[in-house]
Amino acid sequence: MYLFQERIYNFGAGPAMLPNEVMEIAAAEFLNYKGSGMSVMEVSHREPLFEDVITEAEILLRKLLNLGEDYSIAFFSGGATLHFSALPLNLLKEGESFDVAHTGIWTKKAWEEGLKFNEVNVIYDSTNNHFTDVPVLTDSNLSGKGKYLHITSNNTIYGTQYPEIPKIKQIPLVADMTSELLSRKIDVKDFGVIFAGAQKNIGPSGLSLAIIRNDLLGISGRKIPILLDYSVMVKNRSLYNTPSTYSIYIAKLVFEWLLKLGGIEAIEKVNEQKAKLIYDFIDSSSLYVCPVQKRARSKMNVVFLLKDKNLDSKFLDEAEKNGLHGLGGHRLVGGFRASIYNSMPLTGVQKLVSFMKDFESKI
């Protein structure tokens, strides 16, 4: 039984909070979308009513990212993990390899999945620093054999983030941006492929998207499972089969919300303010500590520990009672994690820091 009659602050890593404004629009349109007498989730993906939704979603995303016509967008049913299989199949011929900078669980999963199809060259491994830092990568770090470089730009579990996107010129840069896409300004031309699960900054779970430079489509010559084939999905405008229609609709609303705020430039300033507020407090505290190197601290996932682990359960229990949900760290690392994606308002972080101060004062 839930104790709260109003919305709480969800700091979970994902599925994450959605903007209240988006939820209100979705609720208002749920039973009768644009006078159709149907919910969006009931509309056929072949009807013009939904085709307008997916077309508008792509237009809005292109506007947010200043995306040129030399890149294509495709929406997929399923999370970012499916791209761990899709990428080598789409980008590599048999016998070729790719490079990976290993900075956490998600690069390890991409590496392991890639080995089912091709060789993988690990050009950086942050295991020895316990995944508390990320590398500064240039062409000089490349293996010389790989056809692309795979990175995870923000690591949700360990709370690390590339402060600057690597400038790789010799081969395409492929980035898993699941937990940070649309949170800060990027130059898409720095990438060959960007992919992301939706459940952090884009929309509900069960949806992912890929942004693919057009010259990388159809280059492998391999037999690719149809729903993993980037060329097929692009050619069919993500409508080869029934897509995650309602998730795409929510993503469209999120894109509209973000543009209304002022776009990525505006939300980046808010995200920097939120991250600074919580990191500054942690660094000044005698109870809390952040294990991540300062240069590599994520602005999306703030990882921290209590110096007295005996207080962990008490901290979580009291946080929940105060409407601060999902602060437990990942099961592999423990501790705590505050995920402060785009939809987390500044007031949520202010309330969290106030609670943390109050909790410390009572110890």
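Residue numbering: from 1, along the chain as shown.
Each Cβ is built from the backbone N, Cα and C atoms, and glycine gets one as well.
For R46 (L-glutamate binding site), the same-chain residues lying six or more positions away in sequence with a CB closer than 8 A to its CB are L239. Secondary structure at R46 (L-glutamate binding site), as computed by DSSP, is coil. Here Swiss-Prot flags R46 as L-glutamate binding site.
Marked as pyridoxal 5'-phosphate binding site by Swiss-Prot on the basis of sequence analysis: A80, T81, W106, T156, D176, Q199, N241, T242. Annotation for W106 (pyridoxal 5'-phosphate binding site): spatial neighbours A80, T152, N155, T156, I157, D176, T178, criterion Cβ-Cβ under 8 Å with sequence separation of six or more.
Following the DSSP three-state reduction, the secondary structure of K200 (N6-(pyridoxal phosphate)lysine) is coil. Same-chain residues at least 6 positions away in sequence with a Cβ under 8 Å from that of K200 (N6-(pyridoxal phosphate)lysine) are, in sequence order, A13, G14, A16, T156, T178, S179, E180, L181, M300, S339, Y341. Marked as N6-(pyridoxal phosphate)lysine by Swiss-Prot: K200.
Whole-number maximum of the Cα to Cα distances across the pyridoxal 5'-phosphate-binding residues A80, T81, W106, T156, D176, Q199, N241, T242: 31 angstrom.
Of all the binding-site residues given, namely T81, N241, the one with the smallest number of surrounding CB atoms inside 10 A is N241. In three-state terms derived from DSSP, D176 (pyridoxal 5'-phosphate binding site) belongs to an extended strand segment.
T156 (pyridoxal 5'-phosphate binding site) falls within neither a helix nor a strand when secondary structure is assigned with DSSP, and so counts as coil. Fewest other C-beta atoms within 10 angstroms, among the binding-site residues A80, D176, are seen around A80. T242 (pyridoxal 5'-phosphate binding site) falls within neither a helix nor a strand when secondary structure is assigned with DSSP, and so counts as coil.
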